[in-house]
Amino acid sequence: MKASKGRNVVVVGTQWGDEGKGKLVDWLTESAQGVVRFQGGHNAGHTLVINGVKTALHLIPSGIMRPGVKCYIGNGVVLSAGKLFEEIEGLEKAGVEVRSRLRVSEACPLILPFHAALDVAREAAREHGGAEKIGTTGRGIGPAYEDKIARRALRVQDLKYPERFAAKLRELLALHNHVLSTFLGSANFQFGDALKPYITGGQVQFEPVFEEAMRHAEMLKPMMADVSRELNEAHAAGANLLFEGAQGTLLDVDHGTYPYVTSSNCVAGNAAAGSGVGPGHLHYILGITKAYCTRVGGGPFPTELDWETPGTPGYHMSTVGAEKGVTTGRSRRCGWFDAALLKRSAQVNGLSGLCITKLDVLDGLRELSLCVGYELDGERIDLLPMGAEEIARCVPIYENIAGWTESTVGVTHYENLPSNARRYLERIEQVTGVPIAMISTSPDRDHTILMRHPYAAD
């Protein structure tokens with residue numbers, strides 16, 4: 001194969017998701033010819049603001065907002081065809097051409113209505129039994145990945161063969177309806193309106209699921225592709241590719257705050273497995289991190305603040321940062337920047353550089369705290385532990401840093417930032433050992449400070 005001059009960049013979240021990856025992916029696609037989603041499902045939410053217009057995406061790569069950029073959904077994504085077409089139709093109404101530019105891997109496992117039903121039932125059963133909820137979005141992501149790992153999933157390619165699809169579907173329904181009946185017996189809850197058309201007497205019915213899947217199949221066929229082959233051919237031809245991670249490192253099923261995690265690998269290494277592009281072709285790993293920390297749902301959060309009481313720094317972050325989930329609308333928990341957490345993320349991702357987002361949210365705070373380590377059971381440590389129970393016992397060790405009252409909104413040159421903002425960023429670099437490549441100073445695409453371009457040659 002001919003040597004390529006193309007450069008491939010992986011973008012990953014370094015915290016618990018919601019770091020602002022969508023904006024940065026959109027910004028970077030000016031230098032890319034293709035953008036790839038490689039894990040997760042429609043539980044992820046990316047918000048883009050372009051010329052003042054806000055667009056929320058859940059499945060389709062953020063590069064779709066750049067005319068001419070090809071977008072790929074890789075084999076590591078679990079796909080709800082219904083949600084995909086909802087998103088396509090919304091973009092088309094806004095004048096965005098999607099279908100000719102989007103390719104979907106035939107190897108993607110499908111999310112079907114019984115996956116969402118299982119997700120909802122399990123969370124209800126946990127709550128009924130007195131256990132803390134995991135905090136899933138209830139969209140069927142986890143159960144769909146379970147079917148994949150158990151080697152029984154229906155995949156996109158199965159949609160091309162109705163008889164094969166029907167036979168596999170009947171087998172899956174027999175299994176999952178049995179499990180559903182067990183959950184229904186242990187918790188009193190109701191399925192939401194979105195699931196009611198598929199369920200009779202607490203059981204997911206074959207006909208509505210099959211008929212809907214066949215309708216989706218006809219619409220999806222023109223976009224089905226061998227995504228691995230297309231990406232490798234594009235790379236060989238010299239194209240720059242961008243791999244767009246969803247969620248964040250601390251939600252990774254292996255490296256996150258287990259069990260309060262998602263069901264996929266969110267780390268940079270999965271960009272290869274989830275797309276079919278070899279790891280030797282991934283040239284730069286950009287870690288996206290907020291200038292503070294947020295988390296949605298349950299699980300330990302060492303630097304969490306009181307974010308509900310007016311007048312507190314946490315409340316400032318929550319309100320000024322508009323910290324509500326794109327997918328669920330749930331309020332995000334807020335806390336100080338955690339450099340010990342970021343050091344863990346830097347290790348497991350092999351970060352080449354950082355992009356600090358939402359720096360402008362800290363405008364007006366006169367004093368900031370930066371977590372540089374923890375005290376755990378009487379011992380000082382400077383790296384986030386692996387276990388959720390240990391993380392929950394961590395007491396943050398803070399450095400206090402002077403804040404700033406000047407506005408950073410819209411600043412596009414580093415030297416124009418307030419001096420205290422520069423000191424804060426430089427201290428983050430020193431403690432984490434990762435150079436800052438980019439800084440975001442508002443949700444707008446153009447409000448970005450570039451220090452080192454990820455697509456520039458080393």
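Cβ coordinates are placed from backbone N, Cα and C, and glycine is handled just like the others.
Annotated GTP binding site per Swiss-Prot: 17-23, 45-47, R332, 358-360, 440-442, in sequence order. DSSP classifies G45 (Mg(2+) binding site) as coil under the three-state reduction.
Within 10 Å of the C-beta of G45 (Mg(2+) binding site) we count 19 further C-beta atoms, all protein chains included. If you look up Swiss-Prot, you'll see D18, G45 marked as Mg(2+) binding site, on the strength of sequence analysis.
Annotated IMP binding site per Swiss-Prot: D18, E19, G20, K21, N43, A44, G45, H46, T137, R151, Q247, T262, R330, in sequence order. Within 10 Å of the C-beta atom of N43 (IMP binding site) sit 28 other C-beta atoms, taking all shown protein chains into account.
Annotated active site, proton acceptor per Swiss-Prot: D18, in sequence order, evidence recorded as sequence analysis.
What Swiss-Prot records for H46 is active site, proton donor.
R332 (substrate binding site) has a Cβ environment of 21 other Cβ atoms inside 10 Å. Secondary structure at R332 (substrate binding site), as computed by DSSP, is coil. Positions annotated as substrate binding site by Swiss-Prot: V326, T327, T328, G329, R330, S331, R332.
Nearest in space to S331 (substrate binding site), taking C-alpha to C-alpha distance over the binding-site residues D18, Q247, T441, is D18. D18 (Mg(2+) binding site) falls outside any helix or strand according to DSSP and counts as coil. Ranking the binding-site residues G45, Q247, G329, R330, R332 by the distance of their Cα atoms from the Cα of K23 (GTP binding site) places G45 first.
Other Cβ atoms within 10 Å of the Cβ of G329 (substrate binding site), summed over all protein chains shown, number 8.
Listed binding-site residues: Q247, S331, T441; maximum Cβ neighbour count within 10 Å falls on Q247. The closest partner of G20 (GTP binding site) among the binding-site residues, by CA position, is G45; the full candidate set was N43, G45, G329.
For the binding-site residues shown (G17, G20), fewest C-beta neighbours within 10 angstroms: G20. According to its DSSP assignment, L359 (GTP binding site) is helical.
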